[in-house]
């Protein structure tokens, strides 16, 4: 006995008509969001500090194939080259951020489609879109040259495909069934090639297929093995072949062991942060931060109490941003919006729990039940990954937000009070995160590192070498703004320093921070310090020791923020 998800011509026509009607709701919304996003692209990258390096890599066409997000930079490089072929002359920031907006809009469209597909009424489907779109993590990274949004549309598309897959004996596979399985495998594989965290989508989808199979009458083991085998086979072949191809042709690895070692990326450094008793608390912090930003806490109205509560936590970046971009009125609007949003979430959780206890009468193979299985499997597998890897930042939570939004909309009753609270939450998220993050990040003058490094912009060029000592985001900002080579005085890059000193075309510029970096400048963000250590950027200070012997040759040539800039003179 076979069980397929084939649709009759009449059913196909009904589904097509339903899709067209749904589009009338979402397309105008996406149009407004597109205009808003393109008008507020990030110019301050302190939240998404890796974006500095990605922009530099794509602009220069160097170091494109990073194993943790193998195809992200190459795809952006191709998009950037298309722009330059059409006459664009700037760096890669604008094209890359535009591509992030495209990924964001595609994701939101798919959130709406999935919600409608699983039986959510249009107004609640739009609420799920709003919860996703205006959450701090999703919204901010939608406007950044960062990796975390690019795979999301492929993950969401895979959900739509999964809903229509039914485990089938290989003898009874139709062209449509096979196409769905191959597409499902390719979507999962491509998401993983854009970011390695989506390797976990493979076991999530595989378990979901098992749960679908268990719900089918007349199921056979062969049908399960056929379905899961085709899916995993396509995904693993795609991922493995691309990694091996890049390892051999771009990286020059000649053995499988070398290729696998390279492909591990950051995992080869061990844990990103140690697993401690505080990890669950940090995980809760990450969950809160993916919804609401914390920049407003740097306001003069809140920074002193925060300093007393968290004496070991630097809020230098937040203080500067708040002082320059969040006025008193904005601060109180953010506070009110955050409190209202938290209250709305509390009410919706209360109604959600009550509705879950009432049970679900949907059929076992309905789109609604299939999505429930996928979403719960996603949570069970992915939450421990966040816990042990990077629990305190919003980045790894971004992929969960659209799934949780649809799940909540699916399980909440479509009654007046719930709809009102849902709309209130959308408005609260928009207000808090637009005023507290999106608008400030769209302005370069809100960036502390832009202020501190401004003096180098007119002084340094791409042939110069700058020696400094500051946080990871500061280094990226300096390199992107000047095009110069930047090294840390705490590093052991004496060969780079020696080459700069020996070159007649290179000026070696040294900042006062290279000798005496302020503590809050060197270690602004806990996650940045962890990242610096995990990537092996810390060293024995050989560069600083060499500079000590050159102090007599240092000539002051300018100032930048609180820094004095010296040039190493000739003998």
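Counting starts with 1 at the first residue shown.
Placed from the backbone N, Cα and C atoms, the Cβ positions cover glycine too.
Predicted, not measured: the structure shown is a model, and the values here were computed from it.
Panel annotation: around the transmembrane segment (25-42), residues 48, 51, 94, 97-98, 101, 104-105, 108-109, 112-113, 122, 125-126, 129, 133, 140, 142-145, 438-439, 441-442 of the same chain, lying at least six beyond its termini, place a Cβ under 8 Å from a Cβ of the stretch. Summarising the annotation, TrEMBL assigns transmembrane segment to 25-42 (among others).
Within its own chain, the transmembrane segment (54-72) is flanked in space by residues 80, 91-93, 96, 145-147, 150, 190, 193-196, 242-243, 246, 250-251, 262-266, 476, 479-480, which lie at least six positions past its ends and keep a Cβ under 8 Å from the stretch. Per TrEMBL, transmembrane segment is recorded for 54-72 (among others).
For the transmembrane segment (92-112), the list of distant contacts is 22, 25-26, 29-30, 33-34, 37-38, 41-42, 51, 54-55, 58-59, 75-77, 79-80, 82-83, 125-126, 128-129, 132-133, 138, 141-146, 149-150, 152-153, 156-157, 159-160, 402, 405-406: same-chain residues at least six beyond its ends, Cβ to Cβ under 8 Å. If you look up TrEMBL, you'll see 92-112 (among others) marked as transmembrane segment.
TrEMBL lists 119-141 (among others) with the feature transmembrane segment.
Per TrEMBL, the feature transmembrane segment maps to 147-165 (among others).
Taken from TrEMBL, the feature transmembrane segment applies to 200-216 (among others).
Long-range neighbours of the transmembrane segment (228-249) within the same chain, counting only residues 6 or more positions beyond its ends whose Cβ lies under 8 Å from a Cβ of the stretch, are 65, 67, 70-71, 167, 178, 181-182, 184-186, 188-190, 192-193, 199, 202, 205-206, 209-210, 256, 258-259, 262-263. Residues or ranges marked as transmembrane segment by TrEMBL: 228-249 (among others).
Positions annotated as transmembrane segment by TrEMBL: 269-292 (among others).
If one looks beyond the transmembrane segment (329-350) by at least 6 residues along the same chain, the residues whose Cβ comes under 8 Å of a Cβ in the stretch are 291-292, 296, 299, 301-302, 322, 408, 412, 417-418, 421-422, 424-425, 427-429, 431-432, 435-436. Under the heading transmembrane segment, TrEMBL lists 329-350 (among others).
Among the features that TrEMBL reports, transmembrane segment is placed at 370-389 (among others).
The transmembrane segment annotation in TrEMBL covers 420-441 (among others). Residues 40, 42-47, 124, 127, 130-131, 134-136, 139-140, 143, 291-293, 295-296, 321, 324-326, 330, 333-334, 337-338, 340-341, 344-345, 347-348, 351, 409, 412 of the same chain, all 6+ positions outside the transmembrane segment (420-441), place their C-beta atoms under 8 angstroms from a C-beta of that stretch.
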